[in-house]
Structures are given as C-alpha cells and as structure tokens.
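Engineer: This structure is in structure tokens; I'll ask about it shortly.
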Amino acid sequence: MDNYADLSDTELTTLLRRYNIPHGPVVGSTRRLYEKKIFEYETQRRRLSPPSSSAASSYSFSDLNSTRGDADMYDLPKKEDALLYQSKGYNDDYYEESYFTTRTYGEPESAGPSRAVRQSVTSFPDADAFHHQVHDDDLLSSSEEECKDRERPMYGRDSAYQSITHYRPVSASRSSLDLSYYPTSSSTSFMSSSSSSSSWLTRRAIRPENRAPGAGLGQDRQVPLWGQLLLFLVFVIVLFFIYHFMQAEEGNPF
C-alpha cells in the first residue's frame, strides 16, 4: 500500500484505466480507496496467475514512466479485468476471458485438441509477446481460409450450359452430332454453341393449329358467299318491283 503513495494522480489514474477499474476523479478523499482497489487487484492477480509467470504478470512501477504513453495503445481484455474486479470474494471459480476462449481456474482442463488453444493472457511475459501470438494466430487462420478457397471447384459459363443441355437436350443437335445423352466436360463448350444455333431451327410454333388470318374465312361462315350474293340480288329485285308499282299507282289514280 505504501508503494502507491509515491504515485501522482495521473499515474494512479493510468493504473485504474489499465486494470479497467471504475473510477472517478482522483482527489484526496478518494485516493485511499483507489489505492486499496489496485492493491487488492494485483494481490488477487498474483495469486491466480501460474507460478511460472507470477513475476511477469505483476505490474512493475519502475517502468511506469516508459509505458505511460503506450497505456492507451493496447489494453488487456476488458472482460477479463471487469470479471476479476467484479467477482465477489475472489474465489477460485473465477472466469478469465482472453481473445480466443474462456478458462476456469480451479477446474481441470479437458483433454483434446482444444488444450493448445486455451491459453491464459498472463502466461505471456509481456504484452508484446501476447500481441505477437495473436498476430501469428490470425496469419494461420487466414492461410487456412485461402487453402479452403483454392480447394473449392470453380464453375464457369460452360457449367451453366451443361446443366441446361442436360435437362433439356435438343433432339436435332444430338442426332446430327451423334453425342450421348449426358454430355462430358470436354464436349460441353462445343455442344453449347451447336445447340444454341440448331435449337432455333428445330423450334416449332407454340400453337400449330392456329392458321393465318383469312385462310378459312369462307368455311367458318354458315352461308356461302354465292348464296349471300344471290339473296342480295333477290332483295334488290323485290325492292325494284315495289318501287315500280308505287310509281304506277301514283300516275293512274283511277
């Protein structure tokens, strides 16, 4: 606790931000409380950290001036620090979250391939080694994705023609080229060009029963054309006789 008394208000605020401890302005009345929180945090962190990295995980006050400018550049996982500070009693069932997985202290690790992935943030000697490990894992994941993309088959325009000719083969093009019903990959491009040209030649009308307009005009009517002309002449003659008799009656009143 006496080590924190030599720190200035700015240095104490930097420690609070580094450990992700909620705090307000550092004044005379709240300074003692913040020093106690930092002391409890570092004590519990040294107790929970592995023995091999207990010295490296503790914060060295001699390097405070050198790391003051880099305090805002990188931070330890905030979830880890928040859970560490908010855990009541600081019991062994404490969850520490890194960028990759969640680890429970006080419980045995499950055997399997996930053991290599589960790593504590405090196992690294410093933050540079941690970020170097994160960078290596990112490069490994990106290289694996590139390998998966290379293994995926590439489908071009010929594959689309192959599916069309497979489900809708043209009979004329098949018989003329003497090809099998199921096309192969080597003859796909040749069949696509030949089928596209010959399919227009062998296409039939959608409604072949429909004829051109006026082709069967006389057959569709009930009365033939000569019968209609005959009826028209008879009607004209009848009108002519009616008109003639009407004129004769007007000329001879008796």
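Every residue gets a Cβ built from N, Cα and C, even glycine.
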Engineer: Of Ser60, Ser120, which one does Swiss-Prot label phosphoserine?
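Structural biologist: Record says Ser60.
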Engineer: Tell me whether Ser29 (phosphoserine) sits in a helix, a strand or coil according to DSSP.
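Structural biologist: For Ser29 (phosphoserine) - judged by DSSP and reduced to three states - the answer is helix.
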Engineer: Using DSSP, how many residues in the domain 'LEM' (1-45) fall into helix, strand and coil?
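Structural biologist: So the counts come to 33 helix, 0 strand, 12 coil.
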Engineer: Would you report the average pLDDT that the model assigns to the region 'Interaction with F-actin' (46-222)?
Structural biologist: 52
